[in-house]
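Colleague: If you scroll down you'll find the structure; I have some questions about it.
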Ligand SMILES: Nc1ccn([C@@H]2O[C@H](COP(=O)(O)OP(=O)(O)OP(=O)(O)O)[C@@H](O)[C@H]2O)c(=O)n1
Ligand SMILES: C[C@](O)(CO)[C@H](O)COP(=O)(O)O
C-alpha cells in the first residue's frame with residue numbers, strides 16, 4: 001500500500017493520508033477495510049522517511065502490517081514494497097496494490113476484483129467514463145474530443161502475480177517508462193490486465209473537495 005506521498009495537491013498541514021475522517025485517519029480507514037477482507041492476509045505499507053505520524057495511527061500496532069521505505073514517486077514506493085514481499089512470498093502469489101488515499105473502497109469490489117483478476121492473470125478496479133472527454137492545449141483551448149467508448153478511470157486495487165509485477169515494474173522503470181499505475185507496467189511488459197467495474201465512490205483523496213466527498217461516502 002503506497003502511503004509515502006506528501007499530499008501537495010491537498011494543501012494540508014500534514015500528509016493527506018493522516019487527515020481525519022469521522023475521527024479516524026484516512027490510512028486507518030483504508031487499512032481497516034483491507035485487513036478485514038477474507039482474501040487479504042497482510043499489508044506492506046510504504047512510508048516516507050520523513051513520516052512522523054504513522055506510530056500514532058490505530059493500524060501501527062497491527063501485527064499483520066509491515067512497513068518499508070517509500071520512494072521518490074509512487075512507483076518507487078510500490079517497487080520497494082514488492083521487493084520486501086518477494087523475500088517472503090512465492091512469485092506466483094497474488095498481490096493487490098491499493099492507495100492509502102483511497103479509503104472508500106468497498107469490500108465487495110475487492111472480492112469481485114479478486115475473483116475476476118485471478119482468472120485472467122491480473123486486473124484493475126475502475127469505472128467507465130460517462131462524460132465527454134476533451135484534450136486541450138496548455139492554455140486550456142480544446143484541441144479534440146477524445147473517443148470515450150471503452151474509456152475507463154483506473155482506480156486501485158490493482159492485482160497481479162507478485163513476481164511478474166515486480167519484474168515488469170522494475171524493467172519499465174529501468175527503461176524510463178512513466179509508470180503511474182501498476183497496470184501500465186504490466187501493459188508495457190505485454191500483458192492485457194482486465195478492467196473490473198467497481199463503485200465510483202472509490203475516489204482517491206487528492207484535493208480538498210475529495211475529503212468532503214469521502215466523509216459522505218464513509219458515513220453511509
Ligand atoms: N512517492 C510517493 C508518492 C505517492 N505515494 C502514495 O501513492 C498514493 C497515490 O498518490 P497521490 O494521490 O499522487 O498522493 P501524493 O503524491 O501524496 O499527492 P500529491 O501528488 O498531491 O503530492 C497515495 O496513497 C500516496 O501516499 C507513495 O507511496 N509514494
Ligand atoms: C494509481 C492511481 O490511483 C490510479 O488512478 C493514480 O495514478 C495514483 O495517483 P497519482 O496522482 O498518479 O500518483
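Note: Cβ is positioned from N, Cα and C throughout, glycine not excepted.
A quick note: this is a predicted structure, and the numbers were derived from the prediction, not measured.
According to TrEMBL, the protein has these features:
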type: SITE; residues: 9; note: site 'Transition state stabilizer'
type: SITE; residues: 16; note: site 'Transition state stabilizer'
type: SITE; residues: 148; note: site 'Positions MEP for the nucleophilic attack'
type: SITE; residues: 204; note: site 'Positions MEP for the nucleophilic attack'
Colleague: What's the CA to CA span in angstrom from residue 9 (site 'Transition state stabilizer') over to residue 148 (site 'Positions MEP for the nucleophilic attack')?
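Modeller: Cα of residue 9 (site 'Transition state stabilizer') to Cα of residue 148 (site 'Positions MEP for the nucleophilic attack') measures 27 Å after rounding.
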Colleague: By the DSSP assignment reduced to helix, strand and coil, which category contains residue 16 (site 'Transition state stabilizer')?
Modeller: helix
Colleague: Filter the candidate list 9, 16, 204 of recorded sites, keeping only entries whose CB is under 6 Å from an atom of ligand 2.
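Modeller: Going through 9, 16, 204 in sequence order, those close to ligand 2 turn out to be 204.
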Colleague: Through the lens of DSSP with three states only, how would you label residue 148 (site 'Positions MEP for the nucleophilic attack')?
Modeller: coil
Colleague: Which of the listed recorded sites (9, 16, 204) has the least company, meaning the fewest other Cβ atoms within 10 Å of its Cβ?
Modeller: 9
Colleague: My understanding is the cutoff is Cβ-Cβ under 8 Å with a sequence separation of 6 or more in the same chain; which residues meet that for residue 148 (site 'Positions MEP for the nucleophilic attack')?
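Modeller: Long-range Cβ contacts: 129, 131, 132, 133.
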Colleague: Distance check, please: Cα of residue 16 (site 'Transition state stabilizer') against Cα of residue 204 (site 'Positions MEP for the nucleophilic attack'), rounded to an integer number of angstrom.
Modeller: 11
